[in-house]
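K.L.:
From Swiss-Prot, for reference:
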{"type": "BINDING", "residues": "Gly220, Ser221, Ala222, Ser223, Thr224, Gly225", "note": "NAD(+) binding site"}
{"type": "ACT_SITE", "residues": "Glu243", "note": "active site"}
{"type": "ACT_SITE", "residues": "Cys277", "note": "active site"}
Amino acid sequence: MTLWINGDWITGQGERRRKTNPVSAEILWQGNDANAAQVAEACQAARAAFPRWARQPFTARQAIVQKFAALLEAHKADLTEVIARETGKPRWEAATEVTAMINKIAISIKAYHARTGEQKSELVDGAATLRHRPHGVLAVFGPYNFPGHLPNGHIVSALLAGNTLIFKPSELTPWTGETVIKLWERAGLPAGVLNLVQGGRETGQALSSLDDLDGLLFTGSASTGYQLHRQLSGQPEKILALEMGGNNPLIIEDVANIDAAVHLTLQSAFITAGQRCTCARRLLVKQGAQGDAFLARLVDVAGRLQPGRWDDDPQSFIGGLISAQAAQHVMEAWRQREALGGRTLLASRKVKEGTSLLTPGIIELTGVADVPDEEVFGPLLNVWRYAHFDEAIRLANNTRFGLSCGLVSTDRAQFEQLLLEARAGIVNWNKPLTGAASTAPFGGVGASGNHRPSAWYAADYCAWPMASLESPELTLPATLSPGLDFSRREAV
C-alpha cells in the first residue's frame, strides 16, 4: 500500500512500478501508480479537509509542522540512507539534504510572518488590516534530485498557510516520498490535509487537469513546466508556480589563486553529479595564459573525480546519476557536441556499464555553431573562451534560461556591471553557483520559471492577500463630500 489518501494507506490501481538503486540495481521500492479515479479521490479528500484545517489557529498548524521537524531529526540517519540509496548520492550529501529539510521548518515559519501573516495600521476613524488567506487545494510536484528537501519547501509553507495538498513525488524517487509522508502521518496531520499519489506522466496529467485544484507548485525540467503551463492556460484563477532548470554560466576572469577557482568550479559544475538546477553548464574563460593555466588545472583535478556508491568508505565527492538512462543521455549530449566540432578536454566515461556512475566531462565549444541551448542534467561542462568582459556577459546572456550566473574575479566593478546586465535570478561573486540561501528568494527568469515558489518567497505563493478597512462603530463623517445634503427637512 503506497498511496496515502484521506488518512488511509491504499494500493494504487495504476501501472506497476519498482525503484532500484541506480548503481547496484537493488530493488528498493515496489508499488502501483495512482489511477485517475484515485487522483480525483485524493483531491476530494483535500477539499473536504480544507475548511477545518484553514480555520485552525496558526499556532495549531505550526505545532504539527514542528512535530514533523522533530521527527526528521529523530530519523535523520534513516532518511539519509533512503535518499542516498534511491538517488545514488553519497551518504554525506544525502545527510546535508535532511539537515536542509529540518532547517527549512524554522525558516518557513519566519517567512510566513514576514511575507504573509497579518499587519494592521491605525487610522483616525478605524484601522487598515492586511491578512492572508490560503488558496485551498494545491498540488505539489516533486523533483528527483532533492526528493526530500525541495518538495518540503512547498509542503511546509503551504500547510502553514492553511492549504490542503496532493503530493506527487517524482516517479524516480517514490521511496523517499513515501518515507517523508509517513513522518507527516506520525506528526498528527488530520486525514485529508496531505495526500500522497505515486506515479509518472499519466498520474501527473490526471492531477494537473483536475478542475477542483486551486493551484500547482512545480519543481522540475523546463519541458514539463512548459507542458503544465499549456495545460493550465486560460485558468487565471489557479496559481501556477514553476521552478525549472537552467543553462547557467560561470565567468572566470583573471584570478590569482587558480586552485581556489578550480575548487569553486568543481562545486559549481559537478556536485550532485551535475544534477542541481543551479549547476554551471557553461564555463566562460578569459583568453590568455592565465586562462590556459586555469583550464589545465581544472582538467587535471576534475579527471581525478571518481564517482562511487552511496556507502563507499572513504566517501566520494559524487555518486551516481539518478538512472543509467540519465547517464546515457549525458554521454549522448557530449558526443553530439563533439560532432558539432567541439574539442574534448576531459572525456566522460562510464565507470561500469549498466550503472549510473559517470565521470565528469569537459568540452570546449569556442566558435562552434548551433550548440543546443538546453540543460544537460549531469556532469558535462561546456567551455567558451572570450576576449573581453563585455563579450563574457553577452555569452552569459545567450540563453533562454535565467536561473543562476556567477563571476570569479577580484574586480568589484565587474560584479557591479554583471548585476546590472545579467539576466538571472541568482548572481554570485566568488561563490559557487550551487550556493543559495534559504533566507533569500530562489528562482529565475525566462525558461527557468515564472515565480519564486521556493525558499523565502514560498509563502507568497501559498496565500492570497485580503485588505480590510474596519471600524467597530458606524458614524457619520464630520465633513461630507460635495453634493451630499443630510440636513433634516421640516415636516410640512
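Backbone N, Cα and C define each Cβ position, glycine as well.
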K.L.:
Would you list the other residues of this chain near NAD(+) - those whose C-beta lies within 8 angstroms of the C-beta centroid of Gly220, Ser221, Ala222, Ser223, Thr224, Gly225 - in sequence order?
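P.N.:
Everything else in range on the chain: Phe218, Tyr226, Gln227, Leu228, Met244, Gly245.
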K.L.:
DSSP three-state call for Glu243 (active site): helix, strand or coil?
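P.N.:
For Glu243 (active site) - judged by DSSP and reduced to three states - the answer is strand.
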K.L.:
Of all the binding-site residues given, Ser221, Thr224, which has the fewest Cβ neighbours within 10 Å once its own Cβ is left out?
P.N.:
Ser221
K.L.:
How many Å lie between the Cα of Thr224 (NAD(+) binding site) and the Cα of Glu243 (active site)?
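P.N.:
Here the two Cα atoms are 11 Å apart.
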K.L.:
How many other Cβ atoms sit within 10 Å of the Cβ of Glu243 (active site)?
P.N.:
28
